[in-house]
Each structure stands twice: as structure tokens, then as C-alpha cells.
Amino acid sequence: MKKRRTFLLFSFTFLLLLSLSKADSDGDLSAMLSLKKSLNPPSSFGWSDPDPCKWTHIVCTGTKRVTRIQIGHSGLQGTLSPDLRNLSELERLELQWNNISGPVPSLSGLASLQVLMLSNNNFDSIPSDVFQGLTSLQSVEIDNNPFKSWEIPESLRNASALQNFSANSANVSGSLPGFLGPDEFPGLSILHLAFNNLEGELPMSLAGSQVQSLWLNGQKLTGDITVLQNMTGLKEVWLHSNKFSGPLPDFSGLKELESLSLRDNSFTGPVPASLLSLESLKVVNLTNNHLQGPVPVFKSSVSVDLDKDSNSFCLSSPGECDPRVKSLLLIASSFDYPPRLAESWKGNDPCTNWIGIACSNGNITVISLEKMELTGTISPEFGAIKSLQRIILGINNLTGMIPQELTTLPNLKTLDVSSNKLFGKVPGFRSNVVVNTNGNPDIGKDKSSLSSPGSSSPSGGSGSGINGDKDRRGMKSSTFIGIIVGSVLGGLLSIFLIGLLVFCWYKKRQKRFSGSESSNAVVVHPRHSGSDNESVKITVAGSSVSVGGISDTYTLPGTSEVGDNIQMVEAGNMLISIQVLRSVTNNFSSDNILGSGGFGVVYKGELHDGTKIAVKRMENGVIAGKGFAEFKSEIAVLTKVRHRHLVTLLGYCLDGNEKLLVYEYMPQGTLSRHLFEWSEEGLKPLLWKQRLTLALDVARGVEYLHGLAHQSFIHRDLKPSNILLGDDMRAKVADFGLVRLAPEGKGSIETRIAGTFGYLAPEYAVTGRVTTKVDVYSFGVILMELITGRKSLDESQPEESIHLVSWFKRMYINKEASFKKAIDTTIDLDEETLASVHTVAELAGHCCAREPYQRPDMGHAVNILSSLVELWKPSDQNPEDIYGIDLDMSLPQALKKWQAYEGRSDLESSTSSLLPSLDNTQMSIPTRPYGFAESFTSVDGR
């Protein structure tokens, strides 16, 4: 009887488990059929069998439970079924590089899921509970999706086994979560969040993290990067194109660091020796910051991108700084190297235009840093500048004590440290030194008394004991009366002072504008250097009848000696009479015309000081729909864009109905002139090395536009006539952002000016949909033109060859037989050159893929072209050739005040996987660095 009962119990349990297993497998069947319906794959896809476990790219267990869905790179469209969350045994969901749209369904509860790959699709939203209950999750890749703005959810905390989190170009907003540190994710090694909308500072909770690859570039992140010095596992750090500031940290603990990209930030101070001595370092990019001190010297094995002129080094080549510069930098170090000082304190002579510095016969006599929002302490290094007569540090946020070393200055007359947060005893200065410490409540008190719980009142008296209590009681009523009387008098005095200030301000404005230009004046706004309301610091070296200024002159108080005065001019907008502008263009003479286009005519001009400019006279129809304020707002955005491969917009001119843009002058004209009209113009044909370099220049400029953290631009009309060359035969992209100035609505001429047939991406021409991939397509056409020497549309050719892109792809399919005939006959084809041309041709084919998602980003193009420019060098270089390019040369700095430089991001890559191609041609262009996830695209890391 007992045996029978046991047998029945066993049989019941077995049948129950069998039925549950059957129910689970039926649930998987239902979920997979829903997935098939929502994706609607073609019949050739291999999903026709009624059993999903027999479908291609699907892996199941022996009990028919689905564990893997691996359908990446399949060209699938449609949406994802919410029934996916029922696949409770699913371990890998790989859907990358498709065209799937709609929301990402909730995956909460998929406790077995280890890998989630959704990159490079068109998903538009992601639920907040997407990671809820995913306790086995190890890798997340959701890059390059047009999600609605979202923040990394708290539910990610459940995935404590996470090793890789990649969400580049995924519209992530908010701040970087503090829970991404080692306490929650001890195994996290890849953290990629490039090109999103993250703000705030790096959380200190990242300290101790073993992350090896950190991509946070292209955001709005601020603050310092001190936390990096405690992330000792780092191998790759890309923080470029943010708003980081402060000095670089100590890198001595980062023994495995190989690649460091910090370009396009506001870092200050010297490059630390700990970075220079790293044995593991291979690539470093520090261009376009405010780094100071001597030019750093890295090991010969390190690929360095460090444009000397885009930082604030004392010299243009390695060498010791002037002793005066060394002392001033040590002083700045106590203030944590303020950006405002770093922007001004450039070069090796502090007596030439350094903000707050005045000299006599080459000796520093005055340091005036009042109202500079300084923090930190007063450096003892002030005492090393023996010629100092005045030190003005008032109205800042300085702490600490006044250094004893200042008393040793033999020529010191004035020390003003008023309105700070200093404490401690004031050192004994000579009797003839005027010391102003007003506005420091704790001056005269030592630090121990300030930190004591029973510290004295601000007056300094302890008042302890019985007598003290009695004194306080006796003083109470008189003090109360004094407070009332003082308040009344103080109020009356305040009203009087305010009235006086308003009167002075009014009189000053009358005086300031009484001699200004009439309504005919043209305002040329200088390049933006910071806040919209911030004036530009200029130094007046002379005067001119053609250039006036609105200025205030400030003289340091307390002296009548001329040599002791510091004069600084606050200049707002430069005023240039319209007669001057007309004069330099011969009244907009046709002889001065450089070219014309959809936006208007461009004239050449030369200012009185020899500076050449290009004046674009906008067509009335282009901007008729724009109000003054709107036009000014649009231009204000454009003037913030600074890059060495973008034509500098110096300012805008307004005079009645006329609206003019003032650009830097590019003497060698358009790329079109050198590529298609060289023979008629009497020019030399472009060498292949020149074409490569020009292509790289354009790619870098457009990459910068696409990656702007504060305002993303799409050019929409990229073509050779919008690419201008300087005397050094380096390229700059012109007319970027001008489509924004065109009026909107059906009457807009945007369709005429926002693109040129032959360069238009198919989706833009058909639907008007604009993404950065529109520019990528145009760039691919330009690459084809550089290779063939033919125009994008050439009606002189046979009908089947008129359209360059179609003809080029047909020719390239048969590389050996026909493609060599398609190459420009002026290019000298040796073996190395031909290999280089083939690589660029492959890149051009990718860029001109029909579907936008199949095209790479501009960062990918930069990677490919920069490797060719660096590694492929023709053996026969003619030093007498005026068109020869020294790849190491600096670009000319005709307009330094408004230009900044972008550097290379030659971060190492090697071939691993291939982009899909419409013509099924075998490709050899590397699409991701070795060892990185399959969903990698180079935009993620630039």
C-alpha cells in the first residue's frame, strides 16, 4: 500500500511538471509567433516552420524553451511584440543593425537574460522598468536609437553582474547616476554613453571602479575629472567635447591607460608629469583646451594630438617658461588655475596683454585680480616677484591666511584682500604698505577658534562667566536702540546711494552714446567667447578713424603715478561705419565678387589694418521672413561654432533691410575650382595626398558640427563649392547652419538652397527628412569626385554616366577590370596610391548607401581618412612644390581671437566586421576597434 502511494505521488508530480513544461513551451511558441507577426520577415528569412525552434537564428533547449534570438544585421522592419517578456528562459536578445521602430517593450522579469543588443535601430522610447528583475544581465547595447529623452533608471541596479553598458547617441539625459560605481557594479568594464545630453559632474562614487573603457564625450558635463585618478583599471578615456574644467588629475595610478582624449574642453594648468611618464600610453588628444606651462614632451611611441595654438602654453615648442611665467602659474595653481586667467595668460611674456598684469621695464609691478570669482588660497609665490608694488585680490572667495612671504616684498605699496573669507593674523608689513582686509569677518582669528563649538562671537570677546552675562544684559537695551537707529540711517543712505548710481549711469550712457554712429552704422559682433552678456577684453594699442569703440577705462585707485596705473578696456560691440565696409568692397563692386549662391553674393574686402574679409550680402528673399531678433539669435548661435575646418563667421552686419555676414577670407577659393576648373584657372591638379588631406579636413569639420553638445547642425548642402581652401591648401567648410536663416512655410526657398541635385541623399530628396546621414551621403559624393575628378552631375557624359554615384558603384563592383579607368588620370597611381584610393572608394560607397542606417557616421570617416593620412605617405615629395602639404604643420592663425582648433581623434582601430553594402561588394574598411562590441560605430567614441 505504501509503495503504491509513493508511486502515485511520483507519477502525479511528473505529470504536473510535464504539464508545466508544456505550458511554458506553449508560451514561448505564442511569444515567438507574435514576434514574427510584428517583424513580418520575408519568406526567405527561414521562419516558415511552425516550430520556432527550427527557425534560423533561434536557439532552444531540449524542452523547446527559446534561449537565444540572434537576428542582427538582417534588414528587418516592424516593431517588437510585448510578448517577448514571456520568454522566461531567454538569455540573448540580439536585434542590432535593423530598422525596427516603435517602443522597446518591457523586459522586466526576464531573469535569465544576459545579453541585450538593440543598437542601430529606430526605437523611439524605452520604458522605465526595462531592466526590472534582469538579475543575470551582463551586457546592454542600445546605441544609436532616436529614443525620447530618458534617464538611466534605478531598475538597472538589479543587474549587479553587469559588465558592459553602451548607450551612445541614445538621447540619455539627466546626470550620470552615482550607482554606476563599484559598490553596485563591481564587474563593470565598459561604460559608453557618448553623444547624449548628460549634465552635471562626474560622481565621486566612480572612485575605485574597474571600468576599462569610458566614453562620455559629446555632452554637457562640467566640473573637474579628479575622480579618474582613482579609477585605476582605465585603458581608454574619451571625455572630449564637454565642458570640463580645472587642472588635469594625477595619472600615476592609471598603469594601463592607453588612449586619452580630452580635446574641446576647458582644462587648465600644466600637463602633469604623471601623464607624460605613463608607459602604457599610446594615444593622447589635448587639443583645444586652456592648458598652460611648457609644451609637454611625450614618449616617442605616443601618438599625440596637441595643437600648440589651441592651448595656452608659454612657448610654441618644448622648452622652459620664463621665470615670471613660472611664478604666475604657481600663483594661479593656488586658485586652481581659473579658466579666465588661462584664456588670457598665454605666451612667454606676461607684460603683453595678460589680464590683471601691469609691468614697468619688463618687471611685474601690479597683479590685479579683483572680482575674478577666485577660490582657493593666496600663494606664497607672490613673494618671489620682488618687483611687485600692488597686489589687488579684493571681492573674491579666497580662504586661508595671508602668507608671511608677502612681507618680504621690498617694493610693495598696496595689498588689497578685502571682501574674501580669509582668517588668521595679518602678518607684519612695513609701515608704508597699505593693507586692506575689510570684509573678511574672520581675519585676526586663528583656525582653531573658528572650528571650536564654543567659538567667540564675531566681535572677538568670549563673554564667558558671570561678569560676561551681566555685561551682555546691561548692553541689551542700548544695543537694541542702536540697531533701530542704525537701520533707519542705513536705509536712508542706501536710497541716496542708489539714486546717485542711477544718475551716474544715466549720464554715462548719454556720454557713451552721444558720439556713436547713426542708423547707418554697421555692428560687427566679435566671436563669442563665453556668456552672451560678457564683454570682450581688449587692449587698446592705438586708435583709428575708421574703428571706434564703446569702452570704459578703469584705473586702480590709490596712486597718482602714471607708471602704476592699470588700464583695461571693456569693449562691447565694435562699431565700423558702413562707409568703411563699402569702401573696402568698392561699394560692393562686381570686381570684388568672389562668388554667389542661394544665399547671396560674396565680396572680397580688406580692412585698414590689412585684414582680408569676405562679406556675404544676403538676398532679401532669403531672410525676409526673419525678424531682427530672430535673425540675431540665429547668428549668435553660429558665432559660437569654432573649429579650424569651419570657415570662421566673424560677425554680422545690419543696416536697414540689408543683412550681411562677415567671414574670414579664404584666398585659394573653392575646392570645386581646384578639382574641376584647375586647367582653365592655370592651377596644378591636386595630388592624391592633397585630396586625402582635404577630405579629412572636411570630415573633421562636419563631424564637429554633428557632435556639438550645445547645438547640433546639419549642413544639408555639402558640396565642393561650399568647401574653401587657404594658402596652405587646407580645407574649411562654409555655409554651415545657413539653412536655419531661411524662412519657414510653403513659400520657403529651403528646397532650393538646402541641397543641390547630385549631392542630395535619397530620403531627403523624397521625404524631406533630415538627419546627420544626409551630410554623410553628400560627403560620400565628394569622395567620389576627389577620386574621379568628375562632377556629381555631368551632362557632358553619356546618359548612363551622368549621375556619378550610380556610375561609380557600377565601376567599383569590378575593381580590377574597370575601376582603375574611373580614377582621375591626373593622379599618379603607384601601388601605395592605388591601395589608398581603393580604401577611400570603399568608404565613399558606404557613405552613399541608399538607407541612412547603412551609412557610417562622420567620426568613422575621420578614423579611416586620418589613418591613411598618417600612415600612407608618398615616397616622392617635392619640397619646391608650393602645394605640398606638411602633415605636421600648424594652420595659419590670421584671426586667432576667434579661432580654435579641433584635433585628431586617431584612436587605434583594426578590421573586425563589415558594414552592409547595397552592391554586395567585399569591403575591407574596419568598422570598430578590436575587442569592442559588435554594435560599435565610431560616432560613439568621438
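Here the Cβ of each residue, glycine as well, is placed from N, Cα and C on the backbone.
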Where Swiss-Prot places N-linked glycosylation site when the choices are Asn363, Asn587: Asn363
Integer Å distance between the CA atoms belonging to Asn86 (N-linked glycosylation site) and Asn285 (N-linked glycosylation site): 47
Inter-residue C-alpha distance, Asn230 (N-linked glycosylation site) and Asn164 (N-linked glycosylation site) (nearest angstrom): 20
Under 8 Å by Cβ from Asn397 (N-linked glycosylation site), counting only residues of that chain that are 6 or more apart: Glu373, Leu374, Thr375, Asn420, Lys421
For the repeat 'LRR 10' (280-300), distant same-chain residues with Cβ under 8 A (at least six beyond the ends): 235, 240, 248, 254-271, 306-308, 310-321, 329, 332, 337, 339, 342-343, 345, 900-908
Cβ-Cβ under 8 Å with the repeat 'LRR 1' (63-87): same-chain residues at least 6 beyond its ends: 21, 24-25, 27-32, 34-35, 37-41, 45, 51-53, 57, 93-110, 112, 117, 916, 934
Of Asn86, Asn164, Asn171, Asn285, Asn363 (the glycosylation sites), the residue whose Cβ has the fewest other Cβ atoms within 10 Å: Asn363
Cα-to-Cα gap, Asn99 (N-linked glycosylation site) vs Asn158 (N-linked glycosylation site), nearest whole Å: 29
Closest of Asn86, Asn164, Asn363 to Asp717 (active site, proton acceptor), Cα positions, glycosylation sites only: Asn164
Rounded to the nearest Å - Cα separation of Asn158 (N-linked glycosylation site) and Asn171 (N-linked glycosylation site): 22
Fewest-neighbour residue among glycosylation sites, criterion Cβ within 10 Å, set Asn158, Asn230: Asn230
Residue from Asn86, Asn164, Asn363 whose C-alpha is spatially nearest that of Asn171 (N-linked glycosylation site), among the glycosylation sites: Asn164
